[in-house]
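Asker: Structure incoming, see below.
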């Protein structure tokens, strides 16, 4: 594959541009931005090419067309390569001269003026023509637009006449177009487009912590969540004034000053916080003082030079913070602390009881007291729950019908009659326990669940302890318990043997429990210390009393008044409930008949007449239900009129809550996240359904035990369509449209194939670079997700822009749907593919690769040394090989150029993240090309080098980029070097590869670098074998993706393992007549080799002999103990004296 075809996949070009010329302008300020302006007849926007200083990215602004900048030295001028067929030479003074020459990806001859004049002078003419032509076109367009605007204005406002100039008046609105002021809106140019300022909170409101909020109507600071005891707030901030300068505020706080502070301020008294200005104080000015010790939950005190508030009890959510002074601080401010009354002490004691008893609703301070109390329940009677009909289908109710959590249990009467029908002396029994709802009994199918029944309800049957039942077996006199149900046919007689002593004992226990519960309820419910003197109504909080006094009475004081009876109300909800009494509309309708009622209790009494054989019958489908709640729910769900219509689709619902739930389908918000797989859902029930279906234990176990079966491979395309695809598998003769499809194919079918063997997968990924604008403000983001988060946070309720992936193509006459996305294409970015070190998968970002490793290779995710850090070095080959001739002067062979250098840095950046890890051996083939007037010549020598990738400790730290701004103007200072052969000798390392050595490879501490020159032999130095390292051996991977340029670089990775490298050099000439002497070395690489080969050849010209290295004898003891395997022999040939070295620079 030649370079033109390969680059066209990355940089798409058009065939019609082959003969077009272009002018290039370099921006003098930066030196890294080049603007390409085409000079042909076609009208095309200019292209701006950015080549960053660190070589990290490439950007083209013109959209679908791409332009890549290559810089090449040609005798004091740089060549800029754009699309094929467009070449411009950039001179040292940042000016350009156009040229229409075909590009063969080789070194081009320098520009010479035909008449011998300065080439810079010929440049100014086309540039001047182009600029003049552009100015003329702009002037014509402006004149045309101005004429059209004037014609439109004349037709719209023919009768308008300008007003005479008005004197300055602050109430007039200035119009710049009219150069005059107007009383209101300008009659010609219309109103202005105002953009208001953002509202800025005061300092006091802006400093409010996130766990607190200020009530907008009542004032005061309230808690959003539970705040534990001993939580400190503060310090209080505000101006300090004297006591005589204090203004009205919630609480007065005094600050004690030291003697030094008083002398500085020239004061003779302490200062007070003035907490009345929101712009000077913080949020603590809104905390109101407590009126008694019961409502106090904060204490104020001074610590150092500041005043703090600390919670003295747990603050519950939606509870107001109330503060008062500490004991010592109260004396300092001449205030008294709140005294605790006996009733308040009882309430506080009850609040401190955090250990509840679930048998009798009592609470205790410690777990020991609760355990002692639970022991007393062993002697009490247990009550069986009576059986009832099925409920609403949501499981068993915990607190019985009609009782909400937190409400006291109901008292149920139990009548006990003897066998002869007479009532016993015990009369009625009060039970604190209320039964739980169970299944309906067959004898009692229908109940008015949820309705108030006028008759006495069915009574549960008590059960005595086992010891009591055993004692009753010897008693002759027994009693029979009879229930008093609502209907006589549903009486359930239950026989139980109870003596009179047992019944009296049970009654005494129940009375004790009842008295304890009543006392507990009195303390919590009936303590109302704040009473209204006008009507006698009492409240538990002073704020409630103040609110009641503010709207006391019926005339004039209440904000809301009934128009019919002049009754006053303090809330709209109370007024709406009251207005139902004056309306003729019956709110509560019976589902079985046309009757309607204005009160719910009347409806509850009415529906009992519709019971037929113990069941309620649906009036529409004749389905029977044993419970009224069930039939009511059935009618409302299936037979109600669907009056709530969805505005997005054709669905309708009978209830507004169902419509709100359905509207989540049309929204973009997904607030429910699956913690297992990360999938998001709009509704909680869908998340629950996903968890049950996808992440249940049975499915996970079946998925883990599933055996992967290989499917038979069937090619999907014919061989004729194979060449039309960009990404191809050459083993299967199969083509793919996208890179990811080829990667997935290789991972499944060819897992042993390496990425370096597939040229298509080494190409960079071209991704569009977009700006995402917020249509509600001036924010710009680089991703749609960040813009979406910004809109949801700062513009709640605003409509989100549509996603680019969900846009449908515009029809005829329709606007471009991309206009509604509020995005703009700013160019493209070439990013390197990031390869997984454990499989053939590759991704566009390192983040996705890390996620892949955590999911597919969890055993490697925990090992920090598995993921190798990419090398930060590159080989910049920039020294020419000097061909030594018989004459004194040497002819320089141009072995590299700035084009290759720029491509080196670009590929260095593109291949940073998937470079070969340490321990792999690579071969680099370097083919230099010489420059002459007759054109290109054949390569004069070839160098091969085998190196190991390792870190370097270079004494000279180079700059970040080797393509500098100054080199664009003057390429001469940049040195050029040729690759120097590095002969590597091995220290005393055992040749038998172990399992650990096979993983680590040849360590840099076991090899030593040296240079081979003419007439020298490699000598072993035993004292330098330890702690030695190899430098100048850094090579980037995947150079085969940039073939066909003037300097071709190819890579080959040898199989991993423990290798032994030896050298034996001979002097062999390559050509005759020009080369005086050439050094040739043979590298023998063997895996687990027992004996090192030594090869010596005689020089064909010059008779120079290079002796074998001396370190081979030290490795002889292990000759007979190892088994010889495959060998890799690579010949290295060097022209010249071999004195130059490879320069290693960091990008």
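Placement of Cβ uses the backbone N, Cα and C atoms for every residue, glycine included.
Just lifted these from Swiss-Prot, have a look:
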- 387-407: compositional bias 'Basic residues' (COMPBIAS)
- 953-964: compositional bias 'Polar residues' (COMPBIAS)
- 1118-1140: compositional bias 'Low complexity' (COMPBIAS)
- 380: SUMO2 cross-link (CROSSLNK)
- 424: phosphoserine (MOD_RES)
- 1-20: region 'Disordered' (REGION)
- 110-168: region 'Disordered' (REGION)
- 227-331: region 'N-terminal PR domain' (REGION)
- 387-412: region 'Disordered' (REGION)
- 466-499: region 'Disordered' (REGION)
- 953-973: region 'Disordered' (REGION)
- 988-1031: region 'Disordered' (REGION)
- 1088-1147: region 'Disordered' (REGION)
- 355-377: zinc finger (ZN_FING)
- 530-552: zinc finger (ZN_FING)
- 560-582: zinc finger (ZN_FING)
- 588-610: zinc finger (ZN_FING)
- 616-639: zinc finger (ZN_FING)
- 644-666: zinc finger (ZN_FING)
- 672-695: zinc finger (ZN_FING)
- 727-750: zinc finger (ZN_FING)
- 772-795: zinc finger (ZN_FING)
- 834-857: zinc finger (ZN_FING)
Asker: Honestly, do the zinc finger (834-857) and the zinc finger (727-750) touch, with at least three Cβ pairs under 8 Å and pairs 6 or more apart in sequence?
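Answerer: Contact between the zinc finger (834-857) and the zinc finger (727-750): present.
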Asker: Let me know the model's mean pLDDT on the region 'N-terminal PR domain' (227-331).
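Answerer: A mean pLDDT of 89 is what the predicted model shows over the region 'N-terminal PR domain' (227-331).
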Asker: For the zinc finger (644-666), give me same-chain residues lying six or more residues beyond its boundaries with a C-beta closer than 8 angstroms to one of its C-beta atoms, as numbers and ranges.
Answerer: 636-637, 682-683
Asker: Are there residues at least six beyond either end of the zinc finger (672-695) with Cβ under 8 Å to its Cβ atoms? List them, or say none.
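Answerer: Contacts with the zinc finger (672-695): 661, 664-665.
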Asker: Count the residues of the zinc finger (530-552) that DSSP assigns to helix (H, G, I), to strand (E, B) and to coil, and report the three numbers in that order.
Answerer: 9 helix, 4 strand, 10 coil
